[in-house]
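Over in TrEMBL, the protein carries these features:
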- Cys94: active site, nucleophile (ACT_SITE)
- His191: active site (ACT_SITE)
- Arg128: substrate binding site (BINDING)
- 4-198: domain 'CobB/CobQ-like glutamine amidotransferase' (DOMAIN)
Amino acid sequence: MELNICHLYPDLLNVYGDVGNILILKYRASKRNIDVNVFNVSLNDGFNPDDYDIVFFGGGQDYEQSIVSNDLIEHKKAGIEEYINSGKVFLSICGGYQLLGKYYTTPDGEKLDGLGILDIRTDGGDTRFIGNTVIKNETTGETLVGFENHSGRTHIHDLNPLGKVINGYGNNGFDGFEGVVYKNTYGTYFHGSLLSKNPEFADRLIKTALELKYNDKIDLEPLDDTLELKAKDYIIKRESERK
């Protein structure tokens, strides 16, 4: 078996080491003898939704986001919209998350148009939300942890959140939710990187992508995640004590 992963704008949107999510997907797939091919897609490149099984879209600074915003709309909008609406796996972090929505307004007042695929909007705030965050996904029962560092206040309207905030700020600091889920597209402010701290979530993405690709039920061989889960439990415990 194999998976084809698209990494959108790795040269522009990777200020928080979010490429670690790609490395985790490759590592966890390789431990099950699943081949992974990573394709970097950046400025002026097209996007064919049939070419990929997982798409990753990381975060960056406002200047780089403005460049990416224009390129997305000109070269990739139709393909990404078809990909997402078909239910294939898409993971977006921070700036990538914001650009799947209608717009992002920077703290300086510049409005960056998003793809408008998700009914979300993001407005820049005067202060940044920084720190470890813990959330609970009520659909899967998973507790997820990550590190957020953003000034954007994202509003997801009637879409489902990735989780309910237990500790931290989340999407906007007041509605108690973090991230968004639409079909098999996930948006979140979690750096860390996200998948290194949440191996069960990484496996869910791999499993879903494989089942969609091969149209068959896939059972992944369990890996020894003792150290990863111990580190995760430590973060959860430490943050609960800070309440």
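Yeah, the Cβs are placed from backbone N, Cα and C, and that goes for glycine too.
When the neighbouring Cβ atoms lying within 10 Å are counted for each of the recorded positions (Arg128, His191), the highest count belongs to His191. Mapped onto three states, the DSSP output places His191 (active site) in strand.
Across all of the domain 'CobB/CobQ-like glutamine amidotransferase' (4-198), the predicted model scores a mean pLDDT of 95.
Between the CA atoms of the residue listed as 'substrate binding site' and His191 (active site) there is a gap of 14 Å, rounded to the nearest whole number.
Around the Cβ of Cys94 (active site, nucleophile), the same chain contributes Tyr16, Asp18, Gly58, Gly59, Gly60, Asn149, His150, Gly152, Thr188, Tyr189, His191, each under 8 angstroms and 6 or more positions distant in sequence.
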